[in-house]
Structures are given as C-alpha cells and as structure tokens.
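Read the structure below first, then the notes.
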Amino acid sequence: MARAIMFQGTGSDVGKSVLVAGLCRVARNRGLNVRPFKPQNMSNNAAVSDDGGEIGRAQWLQALACGVPSSVHMNPVLLKPQTDMGSQVIVQGQVRGEARGRYYQELKPQLMAAVMESFARVSEGADLVLVEGAGSPAEINLRAGDIANMGFATQADVPVVLVGDIDRGGVIASLVGTHTILSEQDRAMVRGFLINKFRGDISLFDDGLAAITRFTGWRSFGVVPWLKAVSRLPAEDSVVLERAVRGDKKSLVVAVPMLPRIANFDDLDPLKAEPDVEVVMVPPGSSIPGDAGLVVLPGTKSTIADMQAVRDNGWDRQLSAHVKRGGHVLGICGGFQMLGHHISDPAGIEGHVRDIDGLGLLDIETVMEPEKVVRNVQATALLHNVPLEGYEIHIGRTTGPDMGWPFARIGEHDDGAISPDGRIMGTYLHGVFNADEFRRRFLQNLGVQSSSVNYRAGVEAALDELAEGLEACLDIDALFNLK
C-alpha cells in the first residue's frame with residue numbers, strides 16, 4: 001500500500017498546489033513512484049486529463065512533475081463556479097450536474113465513495129501519494145460530510161501537514177487558531193506544519209516557529225522562502241491575476257479583460273514568458289490600454305453573463321476603438337463566442353438569460369447546446385500552417401460565414417474563424433500558445449521579433465528549480481516517512 005501525506009492550508013492561496021507540485025518532483029528525483037491527488041477542487045482553470053476527462057490544472061501540473069500521465073482519478077471532484085451561488089459538478093472527469101451551495105453540502109457524502117475509489121486507483125503501483133486539501137480545515141461550518149480536508153484524511157487515515165502563508169501576515173495566529181478550532185479527532189491527524197512564502201532572513205522567525213510548537217505541540221518541517229521558480233509555473237487561482245502590475249515597456253502590449261468567470265487563464269502564460277511581450281490584465285472598472293497591439297478575450301465558464309460584463313465595463317466600445325486603430329483581437333473559447341453577432345441559450349444551460357448580442361467583430365453566431373466537448377487535440381494552425389497541440393472544454397456550436405476562414409484544422413473538421421482582414425481571430429482551442437513555433441509566427445505577425453523561448457522546457461526547468469529549493473529548506477526525509 002502506498003504511503004500518503006496530505007497538505008492542508010490555513011486558508012486559500014497559501015501555496016499548497018505549487019508545494020505539492022514541487023514535492024512531487026522531489027520524490028520523482030529521489031526515484032519514488034509518486035502520484036498527486038486532490039479529493040475536491042474548485043476552479044474554472046480545468047485541464048483535459050490524458051484519459052479524457054476534466055481535472056484541475058493544478059493536478060495536471062502535479063502529474064507532469066511526477067512524470068506520469070494525468071488521470072481523472074487525481075481530482076475526482078471538480079467544482080466549476082458558474083454563478084455566485086452555484087457550480088457545475090464534475091465527478092471523475094464527467095459532468096454530474098449543477099449544485100447550489102446548500103444542495104452541494106447535502107450531496108458531498110454521496111461523493112465520498114467516488115473520492116475513495118479514485119484514491120485507491122491513484123495509489124495502485126505508487127510508492128507515495130501527495131494529497132492536496134482545499135481551502136482550510138478550520139471551516140468547521142463545512143465539516144459535516146467534508147470530502148476535501150479532514151473528512152478525507154480521517155476516512156483514508158492519511159497524516160496531515162498544515163501549510164501557513166507568512167506573506168499575508170498573521171501566520172502564527174492562523175496556525176494556532178486552526179489548532180484551537182479543530183476537533184480532537186481532526187487535530188490528531190496533524191503531524192506538523194510548514195511555513196510558506198517567507199521573505200528575508202529566515203533565522204528571524206526562529207522564535208515564531210518555537211511559539212507555534214509551544215501552543216500546538218506540532219513540529220515544524222521547515223520554512224519555504226519566496227522561490228522565484230514559482231512565478232514561472234502555471235497558476236490555478238484567479239487571485240494571482242489581481243496582483244498583476246504593469247512593468248517595463250515592451251514591443252507588444254497584450255491586454256486581457258478580467259472577466260468575472262474567467263477560465264483557463266494559463267493560456268496566457270507562454271506570452272508572459274516572452275521577453276518582448278507585456279501581458280496586461282484589465283480589471284473591472286479599468287480601460288483597455290490604448291497602446292495594446294492585441295486584445296485577448298479569454299475563456300469563461302459563463303459566456304452570456306460575462307458578455308454582459310464586457311458591456312457593463314465599456315469594453316465593447318473600447319474593443320471597437322481598438323479595432324479601428326488597427327489593433328488585433330483573439331478570442332479563446334467563450335471569448336471566441338463573444339466575438340460573434342449573437343449568443344443564444346434556448347435550453348437555459350448557463351442560466352435564465354436566454355440570449356445576448358455579441359461584439360459583432362466576426363460574422364458568426366453561437367447556440368449553446370447540452371453536449372459538452374472535452375478532449376485533447378492535435379491540430380494545424382491554418383494561418384501559418386504549423387502544428388498545434390491543445391484541448392477543448394466547451395458547450396455551444398458556432399456557425400457563420402467567417403467560419404469559412406478557420407483558425408485551425410483538427411482532423412477532418414475546422415475550428416474557429418478569422419476575419420477577412422486577418423486581424424480578428426477566434427478559436428475553441430486552449431493552450432495554443434504552448435506551441436513554440438505557432439507562438440513565434442503569431443507574434444511575428446504582430447511585429448514582435450522571434451524568440452528562442454521553449455515554454456514546456458521552461459516549465460520543466462522551473463519544477464526542477466522548485467524541487468531543489470524545497471530540498472534545501474524542508475526536512476524531506478521526515479515528511480516522506482510520516483505515518
């Protein structure tokens with residue numbers, strides 16, 4: 001039976017996903033057969049696993065760190081928020097339905113069987129399984145029926161390490177407070193803690209570590225400094241987008257409106273890695289920069305609602321002005337659907353609003369349909385006749401005259417559309433900029449000099465650098481031998 005360790009946080013965005021990815025690479029480098037697992041994830045940043053279902057992109061990255069194919073069983077329950085009150089529920093890669101907050105709390109006990117089945121599948125043939133929790137175990141109002149944190153840990157008898165984020169302040173209180181609020185049974189599952197995102201001289205926190213141990217009885221497994229490699233890895237939580245600030249002037253400014261239900265925003269990461277490209281996230285209430293050469297409308301979990309948000313923020317008028325100035329626009333997935341004249345949802349799949357006018361930048365229309373397309377694809381970008389690898393996760397069928405100038409060819413059918421002047425493009429494919437040759441040709445078309453950036457190699461190098469950093473600051477031997 002594989003050994004397992006679960007990393008739970010004192011709150012969201014403490015860095016659990018990246019820590020688990022780095023520790024997966026540490027274990028792999030030590031010759032262990034290691035696998036990632038997250039019982040429940042909430043994210044619109046989904047990936048298509050190697051076995052053809054939807055999982056969180058964090059688990060996809062963790063599988064890459066392990067050097068193994070990704071599987072739906074690595075993230076058996078995925079919640080994709082569609083509104084402020086409800087989410088689409090994905091179980092073992094497939095859509096189970098939709099659930100509002102209270103109904104989902106009632107549904108969770110039924111999902112534990114799927115979680116435990118997937119955990120058993122992931123554990124087969126593994127030496128070590130590194131498990132990631134969700135949110136915080138101190139949310140005791142959600143403890144009944146919990147499958148994400150202590151509910152899973154106690155059911156599967158997996159020891160827990162708590163992760164505290166010192167960068168946001170109050171890490172001593174958050175760890176000691178978690179100890180105080182946990183039940184005696186849950187507290188017994190915790191073997192210790194580690195501190196993440198420390199800046200400066202770590203020895204200055206020695207007294208802090210001693211205080212946490214004095215109040216809780218938990219041992220410290222180490223303090224992780226702010227590691228630069230983390231910034232070169234795909235992020236899962238959209239909260240990182242809110243921190244983006246403009247940097248030095250680059251050859252090309254790419255503006256990205258921050259849609260309320262933005263999805264798969266790691267599509268932008270390869271552009272951020274380009275030395276002559278500045279990616280500017282445009283938050284609600286802000287204007288699209290006038291110096292942008294390209295505007296990317298990203299994916300979204302709720303196209304109609306986010307199309308209304310585009311209009312409410314005045315981005316529709318700003319996009320029209322951008323195009324009149326000679327600017328380029330790329331729409332990805334839901335962003336592609338917004339580029340057309342009209343979006344209709346006769347079955348109410350996305351909500352009570354059944355139709356909305358689009359931006360009218362492409363001569364296309366979209367009808368939402370119940371069947372969801374989820375697949376990895378190999379394609380050819382027709383504008384440059386270069387290969388692409390990407391993935392589709394969408395509902396809706398798009399038709400119209402501009403589909404006669406497709407963005408890509410996938411097997412026997414075409415994808416996307418390009419305007420007659422070539423400045424407006426749309427595609428259902430996520431991950432297109434991961435393809436180095438396509439990205440270079442695309443940027444050259446926008447006047448940016450070709451670079452030698454190999455994006456996938458850069459991610460692998462960042463994982464290796466992260467693993468090296470964790471080896472230096474954590475007691476890995478003690479962690480990997482927890483019982």
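Heads up, the Cβ atoms here are built off N, Cα and C, so glycines get one too.
The following features are taken from Swiss-Prot:
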DOMAIN    251-438  domain 'GATase cobBQ-type'
ACT_SITE  Cys333  active site, nucleophile
ACT_SITE  His430  active site
State the mean pLDDT for the domain 'GATase cobBQ-type' (251-438).
96
Among all protein chains shown, how many Cβ atoms are found within 10 Å of the Cβ of the residue listed as 'active site', not counting that one?
26
DSSP on the residue listed as 'active site, nucleophile', three-state: which is it?
coil
